[in-house]
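A short write-up of the structure that comes next.
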Amino acid sequence: MQRSLKWFASATTLAMLFVLIGGALVTKTGSGMGCGRSWPLCNGQWVPDHITPELIIELSHRLVSGLAGIMVLILSIWAWRAIGHVQETKFLAVISFVFLVLQGLIGAAAVVWGQSDFVLALHFGISLISFAAVLLLTLLIFEIDKTFSAASLSLDGKMRFHIYGITIYSYIVVYTGALVRHTNASLACPSWPLCAKTRLLPVQFHEWVQMGHRLAAAVIIIWIAAAAIHAVRHYRRQPVIYYGWLIALLLVLAQMTTGALVVFTQLNLYIALAHAFFISCLFGVLSYLLLLALRTRRAPVKAADHSAGEAAPATLK
């Protein structure tokens, strides 16, 4: 694989991560209207004459997103030509660019015409899909699957259920988290993990949004912990699965910690951005596990020595 392609893929992945964090920064700082209802111009000007912090944040996010879009398009074409023989390459190349354009259109529509909070909450999730596709393309370019002998993987039904279920469910958790941001419900509940020390249930809309996200997050933490335990017990000799779930567990615990700290620190900006960073990384890990699971589903089932003394996947319960 050409070294230049690897470098460019890495840079594009990093650029997409900046798009995600930048979008979270725009929302957290209330900078979405920093350029007024003007797009792609800023307040109807190419070079704004009245500079505010909100304008700088919004304009920077637009510039980074535009640069990332160009980089993703170049990477998609380059990867298509260089590793198009790898089955997932063309699909990921298309998804990465299409979803990045889609999130840009939603962002532009929100500025020009305005959108409901429920529609705006999709903005981060759509960007996340594009980021995951770029990340997977990068991993294919680096041939990570060969490094971990991913071609010889064999997964039992329970592990496949965990991978498919958690990956899909994580997107729901992401949406609820984005909804918390867009409805300004981050500090609706002054306590943690309960909404308030004096009562158990929320009493108004913003509290329900906040507690709905906390409940969704609690479920995914428990579910990922269960998947990690299953991986530790049965997949010690398949490191990509074993370490993949351990990393996912660490990331979701970091996500939980930063989520709690957002409340305790009264919405500290750096902690809030770390919260967005950890969920982006977690979704990337889950997406790679999903790619591997889809590969093994297509491939003939092979007897796998998951761990010393364990039976093949077909006999696991």
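Backbone N, Cα and C define each Cβ position, glycine as well.
Summarising the annotation, Swiss-Prot assigns active site to Glu58. As annotated by Swiss-Prot, heme o binding site applies to His61, His123. Taken from Swiss-Prot, the feature disulfide bond covers Cys35-Cys42, Cys189-Cys195, and the record attributes it to sequence analysis. Residues or ranges marked as topological domain 'Cytoplasmic' by Swiss-Prot on the basis of sequence analysis: 1-6, 84-90, 143-159, 233-243, 292-317. Feature annotation from Swiss-Prot assigns topological domain 'Extracellular' to 28-62, 112-121, 181-211, 265-270. Taken from Swiss-Prot, the feature transmembrane segment covers 7-27, 63-83, 91-111, 122-142, 160-180, 212-232, 244-264, 271-291.
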Checklist entry - the residue listed as 'active site' has how many other Cβ neighbours within 10 Å of its own Cβ? => result 25
Checklist entry - Taking the Cα atoms as reference points, how far is His61 (heme o binding site) from Cys35 (disulfide bond) in Å? => result 11
Checklist entry - Could you give the number of helix, strand and coil residues in the topological domain 'Cytoplasmic' (1-6) as assigned by DSSP? => result 4 helix, 0 strand, 2 coil
Next on the checklist: Can you tell me which parts of the same chain pack against the transmembrane segment (244-264), counting only residues 6+ beyond its ends and a CB-CB cutoff under 8 A?
Outcome noted: 186-187, 189-193, 214, 217, 220-221, 224-225, 227-228, 230-232, 235, 271-272, 274-275, 278-279, 281-282, 285-286, 288-289
Checklist outcome for this item: Counting Cβ atoms within 10 Å of each Cβ, the densest environment among the disulfide-bonded residues Cys35, Cys42, Cys189, Cys195 belongs to Cys35
Checklist entry - So which of 63-83, 212-232, 271-291 has the most C-beta pairs under 8 Å when paired with the transmembrane segment (160-180)? => result 212-232
Item to check | Stretch of maximal Cβ-Cβ contact with the transmembrane segment (271-291) [cut-off: under 8 Å; candidates 7-27, 63-83, 212-232] | outcome: 7-27
